[in-house]
Each structure stands twice: as structure tokens, then as C-alpha cells.
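**Q** Before anything else, here's the structure in question.
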């Protein structure tokens, strides 16, 4: 087993390197041409943040494998090479919190600073914003930790008499424990509810920071995850239903292209007017609302242009391009059906295992255990897939709500056209929600992931933290997740299959 433990360490190192390389690839291919050969610090933050998020998701399967590493040890020292998972969990989530609340805001303030200012002034301005945020967060964390930074464990006080160690064991319904059938001798076994007491102790500051970050992430997770678990597969299926059915004629293409060109000119005028208002300093509520409207119209225009290009492929390989378009929509249909199965399995598991007390069945926990019996890596891979799918659902939900709510800034991710501020925003969102995804998975798959370091941090400590434990005791986040998933499903059945048309309304003051 010592060799297995060494292999686990080697695999962990290799996976970290691969995750880093994949994120570099995503950055290079998603970045906007305007950011090429510049904005190196934001790019480093993006790659590092995505790597932390991916590694944190993969750490839970690694934690399960680490727990099993010494199960059949036959010599001393076989467990010396196991991973120090609790220290790694705390380190990864302290880094997560620092990135979300300090490093990424600094990078965004610096990147979005006035380009007419010098580099020194932009750094100074970004530092002032971040330092103000740091002071407020430090004071708030310090006050909260000093006042309510304790955990209240419910324990049962047990006692019984002592007897001579027996030479034979004889248990029955009339003698449930050692020492005879007397109530005094068996008081530890027959203790009543009144023996329950509360054991209070102060948690460590790193665990408290992780807990509060998890609460913030859990609010976002229950909203975005609940919406995304439904809209991720249904959106793919709806995309197939709304697909172009046939290639249009040249005259139709010219007519549609002319109309899109007119809309583009209107958007250009609206954007120029908003830029003039920004220069004049009149950035009120109405201005921000108009900016949101222009952003929504611009995204819709880009989708219309892409759809028109699909309906009228041009060039020497037009037929090949149309064939690839058809295959792409078929792939969306297949992925949507598979995703719908996974989403239904997730919601069913939450209801069966978490919301019903006692659970009706271990459900997915039992599936992972049986897959481990076939080959250990299969169960671990399936476990990791379900965790990653939940994170993808959060991202899909954030994108869907971001396109519909005025108070959420739109930061779409597009291949070859994503600016660094959009990258940074989405990385912060992924990092913040990744904490809650892990906590949610550790709870939902508590039977499979039992006796792990994640269970100790996210199970016992977090769910016993004073002032917060009631959110988990009454399954507030799980209930919100399931309710929003159901509402999103109903929304898609009623309205999701229709293509939204641009309104073309801009309430400009100039």
C-alpha cells in the first residue's frame, strides 16, 4: 500500500500540472485580440484562479482516495506518504478567499482604470479600493470571530457502573450491554434525551474564514446552481429545437444582413451617446440601465449574426460548413439529453438523501461504492464528474440570470472575444461557488465521503457553527436549490423554446 500512497502523490502532482496547462490553453483561445501581448497580471490571476477552482473540485475525490490508502496496510510507515488533506483544504480555501476578495478586485480595478492615466496612478487607485475593502473585511471578520466564532456540538452525557471484565460475551434483548440487566449497569446504553448537552469550543480562524466564505458562496450557489441544473441541459435541447432547418437563399441573406446592419448602426449611436454621458460625468441610475440594455441588445445582435452565418454558409467549403453545423446541433441534443439525466439524478438524490429524514436510500452514494468495487478509479471518476457537473450548472445559471436581471453585470465568455474584466469576473464567481459546490457534495455524498478531512471541515465544524448551523439544520440551501430547479424547468417548458427578440429601446438622456 505504500506504493499506492506514493502513486497518489504522483497523480496529484501530475493532475495539478495538467490543470494549469489546460487553463493556459483556455486563456489563450478565449482572450480578446485587444488583450494580446498585454494585461499579463490579470492573465496570471485568471490562470491561477481557474487552477485553484479546478483543483479544489478534484480534491474531494482525492480525499476519498487518500482515506482508503491505508486500509490494508501490512507494515509500519505505510501511511507516511498520504496527503495532509486537512491542511491542504484550509490552504486552498484561504487562497480562494484571498483571490476572490482582494487579488481579483485589484486586477479588475487596475484593468478597468482610465487608460489615459499612468500605470502608477492606476495601481494607486486600485490599491486604495482594495485596501478599503480589506480594512472593512478584516474588521467585520474580527468582530464576528470574537463574538460568534464558536461551534456548539450536541453531545450525550453517558455513564455506567464498572464491573470485572467478563470471560464470556452473552448479549440478548434482556441484556443489551455488559454487566447484567440492571438499569444502572446499562445506563450508557439506555440514556434518555435529557442526557443531551451542548459542548462549546472556539473554532480556528482559518476554519471560520472558510465557513463565512462558504455561506456567501452558498447563497449564490443555491440561486445559480438551482437555475443552472435545469437550464444547462434544457438550454442545449432548446438550441437544437431552434436550430436553422435549411440553408436560406442569397436574396434572403441580403435582406437579413441589411436589417442586422441597421441594428448595428443604431447600437453604435446608442453606445456613442452613452460614452458622451460618461465623459460628462452623468453616470446615474438611468445611465447604468441604458448600458445594460445596450449590452443585452449587442449580445442578441451577435447571436443573430452567428445564426445568419450558419443559415447561409459561404466559401469553397460551404457544404462542409453546413454539415458541421448540423452535426454540432445533433451533439447539443445528445449532450442535452445526457445532461438532463444527470440533472434529474442530482435533484432526485437531494430529495431522497438530504431532504427526507431519515433518507430513503443512499442512492448515488451506493452507485459510487459499487463502481469502486468494479475498479476504484471508476467510482472516483464518476464522483468527480458529478461534482464538476454541479459547477458547470452554477456557471450556466449565472449566465442565464445575468442576461435577464438588470442588477447583474453581464460578462459573457466567448471563444476569441473575452476581455480580461469578463474573465476575472467569471473566475471570481467560479472560485466563490466552488467552495459551496465542495461543501454541498461533501454533504450530499456524505455516506461515500465519510471519514474524510472534507467531512470534518464542511460537515462537523460548519454545520455546528454558532449562528450559521440553522441554515444547514433546516436544509435552507438544499430546499432553495430544488425549488429554483423546479421553477426553471417550468419556465423552459412554457417560454424557453422561444427565441427572444431584441426590444430596440434605449432611453437616452441626450
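Heads up, residue numbers simply count up from 1 along the chain you see.
Every residue, even glycine, has its Cβ placed from backbone N, Cα and C.
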**Q** Out of 40-60, 61-81, let me know the one TrEMBL marks transmembrane segment.
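**A** Matching range for transmembrane segment: 40-60.
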**Q** Please identify the range among 123-148, 149-174 that TrEMBL labels transmembrane segment.
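**A** Result: 123-148 is the stretch TrEMBL calls transmembrane segment.
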**Q** Thinking of Cβ pairs under 8 Å, which stretch from 6-28, 208-241, 333-356, 376-403, 476-495 has the most of them with the transmembrane segment (90-111)?
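**A** If we count Cβ pairs closer than 8 Å to the transmembrane segment (90-111), 208-241 scores highest.
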**Q** Are the transmembrane segment (476-495) and the transmembrane segment (40-60) near each other by the rule of at least 3 C-beta pairs under 8 angstroms (pairs 6 or more apart)?
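**A** Not in contact, no.
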**Q** With contact taken as 3 or more Cβ pairs under 8 angstroms (pairs 6 or more apart in sequence), are the transmembrane segment (476-495) and the transmembrane segment (123-148) in contact?
**A** no
**Q** Between the transmembrane segment (123-148) and the transmembrane segment (423-448), do 3 or more CB pairs sit under 8 angstroms, pairs being 6 or more residues apart?
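**A** Answer no: the transmembrane segment (423-448) and the transmembrane segment (123-148) share fewer than 3 Cβ pairs below 8 Å.
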**Q** So which residues does the transmembrane segment (123-148) touch in its own chain, when a touch means Cβ under 8 Å and the partner is 6 or more beyond its ends?
**A** 101-102, 105-107, 109-110, 113, 117, 205, 208-209, 212, 466-467
